[in-house]
Structure formats: structure tokens, C-alpha cells
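Taken from TrEMBL as is:
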type     : residues : note
DOMAIN   : 100-179  : domain 'Anaphase-promoting complex subunit 4-like WD40'
REPEAT   : 129-170  : repeat 'WD'
REGION   : 407-437  : region 'Disordered'
DOMAIN   : 480-581  : domain 'Small-subunit processome Utp12'
REGION   : 606-676  : region 'Disordered'
COMPBIAS : 606-642  : compositional bias 'Acidic residues'
COMPBIAS : 643-662  : compositional bias 'Basic and acidic residues'
COMPBIAS : 663-676  : compositional bias 'Acidic residues'
Amino acid sequence: MSLSEYADVRSASAMASDGGSSSQMLPCVFSPKSHQYLALCAQDGRLRIWNTDSKTLHQEYVPSAHLSATCTCIAWGPCRTAKEGPQRKKRKSEAGQLVETTDLLALGTAAGSILIYSTVRGALQCTLDGGHSGTVNTVQWHPEENVLYSGSDDTHIAEWDLQTGKMRCKWKADRTAVTSLCVSPNGKLLLSAGMTIKMWDLETKEVYRKFTGHSTMVTTLCFATTRPPDSEGLYFLSGAAHDRLLSVWQVRSDGKDKNSVVSFTLTDEPQHIDLLKSDSKEEAVRLAVVCKDGQLHLFEHFLNGPCKKPLSPACSVQVSSVGGKSSQDDTPVPVPLLAAALNTDKQSLLLAYGSHLQPVMERAPVNTSERHVCLVRDVQTTLSLSIDTAVSMVKTPIVNTKKSKVLVPGLPGHQAPPKASNQSTQPEKRKKGTRTEMSIEERLEQVELSAVGKGGDKGVSTLQTDSYAVLLVQGLESKDKNILNRIFQARKETLIRNTVSRVPLPAILPLLEELSIRIQGHPSTAHTAVDWLKAVLTLHTSYLSSLPDLVSQLGRLYHLIESRVKGYQQLMRLHGKLYLLMTQAATRGSANKANELDHTAKLVYEEESSDEDEASGDEGLPGDESENWEEDEEDEEEDMDTAEEKQNHADEEMREDSKANGDESDLEPENESEEE
């Protein structure tokens, strides 16, 4: 492929990664050493294990809570000798041979539990509960012991004993969520990452080193060498979210390892990493990185010290499918890579690309001397072949296709809605003189408007349900946004249900695609689109269940809705905290108002103690001119006048009596003076 075509594929893959609906990375991991199996979890929450040799579905496991507690991370256990299994009896020639197989698989869930699945038994071995209160972001096996480590959103690391199925210990690793873990090859050190990278001593559970340099959450950790840390040859890799650099850190004995020594440039955030570790300085590290945009980058570097400039990939690989059937417009369509594994021969790679529901696995030879390699594959034919050869537990009867009739409109393996079956009989009907099919313009002209209203002359013109269904089909066929916007503005439940019930079956899939696009848009349009989607899923369930390719479309739609609802719980927590703060502020304001009350007395009352107090009090008053005091003084003066008048009247009567008796001359001067 030419460089211009490769540039078209690269730009198209970038646009697909930016505009795609799968914002959350789904787990996809190859089994260690032999890479015989590929384990991945798709949007439907099921665990699927594919055989890379036969390229068929080996096992499928559906967790009990696969919709509420989805799988967030996957980790294969170390290869060990298989002691249990259905094939215990061996031949005499094979009696002395011990074959190492990959058996156990650890699944971290969003509910905080960890599932241990056995591929040999094909069933769930045990469930690890009670260790985390948040989502499990990463799980990591110990290379030698039967121990598992897990990191969660609750900022803790848990150590599990798989023999007993119980937790050994648990400690806080960071202030933020623990997003990645990695155990050293000798099993003595543990790397944990949130916003900062910490190296723990597994014996004492204490921090051995700290590494800072990423501005976002670290999502990838991996040891690159197997050397001991005392030899200053221990290196590890780290990648962060929304970061296009892969950093390499060196663990030094003197502790001067604050900055990264080497950085690899990428086109997007790293999603899957596979490497061949280096045992000595003379051996180079081979690295295969699959980015979020679906491209693969290959690196090869000798880790023997710092490097100032970032290293570009030695080779970049992109997979594309055949664009169109016409020879004029044959533009390649990018196919995203899911995972990649390095082989020891350095000439081939094990690739997994396509969809998580139906991946395509291939051992492809890659010429690393070229900087850019584009692999053109016909994905549709490979998918159809793999579907036929896939393992299925459902037995399908053999049907004679010549005498049988297909009554279900959904055909197996179709990618587009089937056309109506009566189109082939249209020429015969036209010959017989029947009425021909009307064009879209004629239908739009003859759309009847009914006046709905109780006021007689004053009526509101609305479209009938039949015309809504006709316009909806015409808008889906012609992709006219004006017609679709006018129809999807309806919010009445009865109108929506009647319209959807009258939509023909071949238009259901285009309607679902249009609704999924509108749900990804503005929230106001997404709100109305959800009502239409609910009506489609409830009224046409029987038709949708007969379509074989609907799983990918509904899986994408479910993943979109789940990503939208994921932040609802956090918003409700924020709402509760804000409500508490507002109520506390209101109570403090009311308390301040109560403290600011005026404590001065509005009325003072004093009791009368004695006459002397009254006299002294009257003298002390500066000049009281109230009416009550004046009235009291007038009453006292009147009483004094009446007493004096009575006394004078009594004196006059005594004098008259004395004159009559003739005693005036006999009065003594003393008595006179006393009387006076």
C-alpha cells in the first residue's frame, strides 16, 4: 500500500477513535508464554475465551451480575502444571512429561468483587468478596506464590490467599484510586499507581521508592528487565491516560531516580502492552504497544542509561479492510487493533483486531525494516467463516433450502435491513394495470392534516399517526434531517407508540441507528430519543430477537448508556454535600440573627417602698411636669384647706361659749398663749 493510502487509513482511524462511543477501554489479554488463548469482555458483560490456533470460541462464561457489575480488568495466572482436568490418564510415553498450561483467570468487577475462573474446569472456581468498597481497577498475580493483589477506587491494595479464598491484609496506597499494579519478576517488590507511582516492599508493606512525573492517572505499569534492584539495572514502564508518551524509569540504589530515563512516542493513549524482557545490558527490550486509536507501534531499545530525546517507533502497523466493491472508490476502512503479542522469532506477530464481540486473530509476518506497514484484510469474509466454525451449544436442524420458505424478515449474517419481498412482483402488477407506487413528493402533497380542537373554528392542525409513520419511513430512506427532527419532536407517549407500531419491519434497524446517533448528541435531543428507543424495544422485541447481527449494535448502545449513567451516583453525592452545606449556612445565619437581638428593656416598673423614699425621690426629680403629679398636689392642697377651715370653725365656737359664760377675763395669759 502506498503512503497516501496509509495516511488516509491513519486519519480515518483517528476520526473513529475521537468520535467513537466506546470511551472506556474493554479488557483484552493474551495468555502468557504460548499465547494459546485470548480472553476478553465485550459490551454485553460476558467473558469469552478464544483459541488462537483454531480461531474459534473455546469457552464462554456469563457472570450472574454481568450487567450491573461489569468486568473491569482481566489477568491470567502464571503457567503451572495441570493437576486437575478431564484428561488425567496419560500414555506411558507421556508419563514423565509435565506440561505447563494456563488455567486460572482473575476478573475484577465494578461491584468490588473478584472472580477466579478456571479454564481447565470451564467453571467459576471461587469468588473473593469483602475486600473493596469500590470498583476493582486492576488485578495482578504473584509469579511464584498462590497470591493475588488487587487495587480499587477505595484507594486500597488487598492481598488475597487463593488457597483459602480470604484476604491476608489490606493497606492504603494513595489518596486517589489505585489504577494499576505490577509485581517484580523476583516477587519481592510491588508497583502501584494512581497519580503517583509507588514501589512497595511486600515483606514489610512499606514504600521503597516514589516516582512522580505523570499529570494524569497512570493506567499501565510493566517491568522491562529481570535484573535485581541493587545492580541498578531494574527498569519499568508506565503510561498514563490522555498521554502520548510511554515513560521508562530506572530503580537506582542511591535513590536518585526522580525523573524518567527514556520515553517512547505514541499516537494515542497506550491500551495494551506486550514486551520481551531483558536479562542483561547486551540484550535489547522488544516492545509492542497497541494505542487507543487502533494502531500498533514496535520498539527495540537497549536499556543501559538515560536518553535525552524521545524515541520514535521502529515500525507502525495498521489494519484496514476493503472499502467498497466498486473499483473507482476503493478507499480503505481502518480496523482497530485490540491486542498484539510478540513471538520469539522476531518475524511475526499475533494480532487480534475487529470487534470485542467477534475478534479476528491472525499470526501475521511483519517486515520491521519498513517504518509503516498497512495490512489489508477482508474482515467480513473472515467473520462469516469464523461464525460457521465457532463452537455453539445450540443444535440447529438441517433444513432443505429448496422446499423451505423464510418467514422471518431477518436473514442470517445480513448487515443491512432486507428489502421488501414484494418488490420483485411490482412489474407484474404494473402490467396488469394496478395502481403504481406514489413518489415521495406526491405523498408529501397528500398528507392529511386533521384539526383537533373543541372550539369548532379554532382548531390546531396536527399530523395523524399514519402520516407520522409514513414520514418517518421516508425520512429514514432519504436521510432528511428536517423530516426526522419534526417527527422526533413528538413527546406524547401514545403518539410515539402508535407511530412505532405502524413502522414496517425493514425500517426498524435504520430507526435504531438513527436513535443511537441522536442519543450521542445534545442531551435535549437524547431525552426524546430515549422515549422512541423504549417504544421500539418494547413493540418490536420479537423481530429484534431474530436478527443475528443486532448484538453489536445493542452492545454499543448499552455501553453508551452505561457511560452516561456512570456519573449519576457521583452527581447525587455532590448534590447531597451541597444540600448539607446550604442547610448549615442557613442555620448559622438564623443563629446570628438570634444573637443580634436588642436586649434593652422596653418598660421599667418600680415599687413604692415608703413615704420618705417618695419624698426623696420627688426632690431628686429635676422637674417632672406630668399631669398625674399635678393632680396629686391639687388633692393634697384641697385636703389641707378643708382641715384649716374645720379648725377655725371649732375655735370660734369655743370662744362664743366662753363669752357667754363670762370667762374671758379669767383666762390666764398662759392659756391664751397656748390657745393661740
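Any Cβ shown, glycine's included, is placed from N, Cα and C.
Just so you know, TrEMBL annotations are computer predictions that nobody has curated.
In the predicted model, the domain 'Anaphase-promoting complex subunit 4-like WD40' (100-179) has a mean pLDDT of 90. Here the domain 'Small-subunit processome Utp12' (480-581) has, by DSSP, the following mix of helix, strand and coil residues: 84 helix, 0 strand, 18 coil. Taking DSSP states H, G and I as helix and E and B as strand, the domain 'Anaphase-promoting complex subunit 4-like WD40' (100-179) has 0 helix, 44 strand, 36 coil.
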